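Sequence annotations record features per position, and here Swiss-Prot assigns Zn(2+) binding site to Cys29, Cys213, His238, Glu242. Marked as motif ''HIGH' region' by Swiss-Prot: 31-41. According to Swiss-Prot, the motif ''KMSKS' region' annotation covers 274-278. Per Swiss-Prot, ATP binding site is recorded for Lys277, and the stated evidence type is sequence analysis.
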Amino acid sequence: MSLRIHNTLTRSTEAFSPIEPGHVRMYVCGMTIYDLCHVGHARMMMAFDVVQRWLRVSGLRVTYVRNITDIDDKIIKRALERGIPIRQLTDEMTAAMHQDIGALGIEPPTHEPRATEYVGAMVGLIEVLERNGLAYRVPGGDVNYSVRKFPGYGRLSGKSIDALRAGERVAVLEGKDDPLDFVLWKAAKPEEPADAKYDAPFGPGRPGWHIECSAMSHALLGERFDIHGGGMDLQFPHHENEIAQSDGAFHLGSGHSFVNVWMHNGFLNVDNEKMSKSLGNFFTIRDILKRYDGETIRFFMLRVHYRSPFNFSDAGLDDARSGLRRLYTALEGTAVAPAEIDWTDPHAARFKAAMDDDFNTPIAVSVLFDLAGEVNRSRSAQSAGLLRSLAGTLGLLQQEAAQYLQGGSGVDTGHIEAQIAARAAAKAARDFAESDRIRDALAAQGIVLKDTPAGTTWVKA
């Protein structure tokens, strides 16, 4: 196939070929669900939503796993603060996540495992690492991974093990043989609630974060799979430690690794600064959905390549909204011929070439604008159908154009229609001052009225 993907492990863009012909298995690190998802989470899930969509468009069967971390120090702390069971908190936050990302058109994965459902698999994996001489128990009940015993540690992140310093994104715990070692099993603390403790041969406790993903990916995708994704911030230590665990358990001396292609999306900033609650620029998905519709947010994110740094700003969102409206305006009032995509069409061929080049959505979006220009000139039903179909592979332009242009920006359509009716009544009564006042008030809200022989219509400016 013609698809090429940038592999973080090799630092090169490579031709992609799945291990099993015709079937792609992909794992993406999902949310730790103690709070609402923020726009950085949205950026990550959007990136891999596009990946899985394009793999399917390319004729491949996709098994897509995106996990949920539902046991963690932050989760325990938040549940205690609220005085509720951990499961109640994580169920609530999972439902909120599904609602929020659904508004952005992010499709559900094939499997969405919760870490707490795989604790037995995690315990079994830790026991394999013990037998392989890579894990050791310490007084108090913790089990740690011996980093220096794993050959090749640091190859994903490019970090030399001797150059790594204790404390560089690695928690230093008492009882470690080496400051770089990381925890596989955390012994229970007396003050922790009962629902944070699980039984294991090492003693009661809970799994470390890193072992969770190794166990879940192995349980659902097997010892080797095609793509592992996540945010750039997970490259070290999380993904580095996953390699140490999974390869240390199943691939020592085999010449293979458990993942063929590692993908990482770029960092997100807000107004060119790191997103931080202390800076007052921290936004949840829900915060943004109060001001912009989900498709505008999606379109905004797809105008930047998934590996590039992404600057989140109101100016960028406003520009994206205008751009999306231009695309929908091209479809407004034009018959749209439903049809399979003809990939030999020049526009379709350019779109495919862009997406096959490491999912280059900015170039693909530029093709949509070129095609919209052709639709505006020709009013061709076939061109309009192609525009909608190509955009649909990205999760865009699937609403009726008139409906989106009127209501796609979260406006109160009932209020607007009532104001239009009031304006019509004022005009009929020859109260032109009132008619103009209503028109101007709507214009101030970004609503532009169009008077036609058939009546008054409106669009969001």
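Glycine is no exception: its Cβ is also placed from the backbone N, Cα and C atoms.
In this structure the alpha carbons, written CA, of Glu242 (Zn(2+) binding site) and the residue listed as 'ATP binding site' are 29 Å apart.
Other residues of the same chain near the Zn(2+) site, with their Cβ within 8 Å of the Cβ centroid of Cys29, Cys213, His238, Glu242, are Trp209, His210, Glu212, Ser214, His228, Gly230, Leu234, His239, Asn241. In the three-state DSSP reading, the residue listed as 'ATP binding site' counts as helix.
Mean pLDDT across the motif ''KMSKS' region' (274-278) comes to 76 in this model. For the pair formed by Cys29 (Zn(2+) binding site) and Lys277 (ATP binding site), distance between Cα atoms is given as 23 Å, rounded to the nearest Å. With respect to Cβ neighbours within 10 Å, the binding-site residues Cys29, Cys213 differ, and Cys29 shows the lowest count. Of the recorded residues, Cys213 (Zn(2+) binding site) and Lys277 (ATP binding site) place their C-alpha atoms 28 Å from one another. Ranking the binding-site residues His238, Lys277 by how many Cβ atoms sit within 10 Å of each one's Cβ puts His238 at the top.
Glu242 (Zn(2+) binding site): 25 other CB atoms within 10 A of its CB, across all protein chains. For the motif ''HIGH' region' (31-41), the number of residues in each DSSP class (helix H, G, I; strand E, B; coil) is 3 helix, 3 strand, 5 coil. When the alpha carbons of His238 (Zn(2+) binding site) and Lys277 (ATP binding site) are compared, the span between them is 23 angstrom.
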